[in-house]
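Novice: Right, I'll just put the structure down here and ask away after.
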Amino acid sequence: MKKSDAGGRVLVRLCRDIWQFKGWLLAVVLASGFTVSAGVAETYALKLIIDLAGRGEVDAMLHGVLGLVAVLSVGALATYARFRLGGILSARFVYRFNQRLFGKLTGVSIAALERYETGDIVARFSSDLRKVNLFVENNLPLLVLHPVMFMAGAVYLGMLNLPLLIVAVLPIPLGFLLIVVLTRPMATLSEQAQARLGKGFAVLGEMLAGFATMKVFHLQQRLYGLFRRQMDDALASQLRLAQRYIWMGPLQVMIRLFPSVICLIVGGQMAVAGELSLGALIAFFYLLNFVIDPIAQLPTQIASCKDALGACARIYQLLDEPGEQLEHLRLQAPEPGPLLRVADLDLAYIPDRPVLAGINLQIEPGEAVAIVGESGSGKSSLLKVLAGFYPPSRGSITLAAQPGARFRGQIGLLGQDNYLFPYRLADNVRLASPGASDDDLQRVARQAYANEFIELLPDGLHTRLDEGMELSVGQRQRIALMRALLKPAELLLMDEPTAALDRHSEQLVQEAILAQAGQRTLLVVTHDLYFAQRFDRVVVIEQGEVVEQGPPAILVEAGGPFSRLWLGRDTACDTTSKEETYA
């Protein structure tokens, strides 16, 4: 698609979005109409006053002055209303735009969101929306006002003296040609600059997220180099954009000056020759600005419009992301048989490069199932598909649930790195069940072996988990486990829940998970084979396929894939102490 076509589509779409506020937009148009009408009336009153003064009709001239004052007052009120209404229109439009963008982000799939850098998304909310806001607040009202000004001014000037009007506007077509040439690449330059800023913000976000790692590995210069490179690229695009803007000033001066000079020269000769009265000449010169100003400001208006369209294109790109595709997640009424059925499941992040192939599983109610395999075999990918984070290439997932239930409402999820919001600890846990009482929180705290350290916090369950609150990885994981246990879900999905924990925290979390066996259905991805051997069943995945499954004790003796994993486990571990720990 050509850039011009894309820009036209964005403009049409932006106009449709603005039209949703047609009440406020029409109010701006009405106020603009009053402003222009007052301007034309001022011109007529000025012409009348000058002609009356020339004829010595003082009384009539004084009445004309009073009329001019009244018209000026109406014009001032109309101008105030136009700015006021334009500000309201802009505020409401950007507020709605902001809400749509945030709402869209909450509804897109994780797979779609991972294509964007965090800083780039933040840039679309900040600098891109700010450009749109400035356009709607400052330029859109003028785009409404200027055509009305031009038409009203041209009609009245034509009535005063049509030949003089035609001669005065002769240089304007040349100005139009220059406008087209200078503003053609501005939308592309604006979009490039915003994209580079977004990448720079992404580097900033990475630096803040990995601040300790940056310090340890002395990455300051490297990250600064990446940040500076993106900012330099953004600056280069901004400078090319600024070079286009620089020419807007001289172009405006030319468009304003030439018609005015022609008006004075030709109109002055006509006045001397008696073909035009002095009042008509002054009125013509005064009202000529109604025709010149819209054209003189056209370069800036077009430049601002294209700048805003570049920002709009980036915002619409996010708004056009498809929502989550959950057709593969099915619910059926509970009946004797498996709680969860996975049938012929395939997954490929990149076409023709499958991560999962032909996965078939049946999980019984209350069963504890461990998923094991080498790194990169597809274990975590399977859980992501089961949670609906990625749509499969083929296959279906069926969960037994009561009619009217939602799929994700029936599952709990615990991963390796679980985000805790900067709320109170209790509020973080209650996200799983908003109506839970403090007694419920105390219960899951005991189940997650978190009650002891929570009692030592400054405000216990009501302690705020701000960035300054230092909690260990194990403590954070146990709070996340509390949240998963509080959710009234039959199926608990867990992805390496003990991978980053110290030995003590690992033991506590494992015991808390195993305590749920029989009460809930567990599906746990783990690299810890000692942990896996305590489950009812082990599923072994190799290269995206289920190659073996069954009770762990039987699989160890069978000499198959699990047995090979078991024999190849970390020999540095003290087997005896492990077995004693999990006995």
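The backbone N, Cα and C atoms fix where each Cβ goes, glycine too.
Per TrEMBL, the features are:
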- 26-307: domain 'ABC transmembrane type-1' (DOMAIN)
- 340-568: domain 'ABC transporter' (DOMAIN)
- 21-41: transmembrane segment (TRANSMEM)
- 61-83: transmembrane segment (TRANSMEM)
- 140-158: transmembrane segment (TRANSMEM)
- 164-182: transmembrane segment (TRANSMEM)
- 253-272: transmembrane segment (TRANSMEM)
- 278-296: transmembrane segment (TRANSMEM)
Novice: Considering only Cβ pairs within less than 8 angstroms, which of the stretches 21-41, 61-83, 140-158, 164-182, 253-272 has the most against the transmembrane segment (278-296)?
Specialist: 140-158
Novice: Please report, as numbers and ranges, the same-chain residues at least 6 past the borders of the transmembrane segment (164-182) whose CB is under 8 Å from any CB of it.
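Specialist: The answer is 154, 157-158, 244, 247-248, 251, 254-255, 258-259, 262-263, 266-267, 270, 276, 284, 288, 291, 295, 298-299, 302-303.
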Novice: So what's the average pLDDT for the domain 'ABC transporter' (340-568)?
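Specialist: A mean pLDDT of 89 is what the predicted model shows over the domain 'ABC transporter' (340-568).
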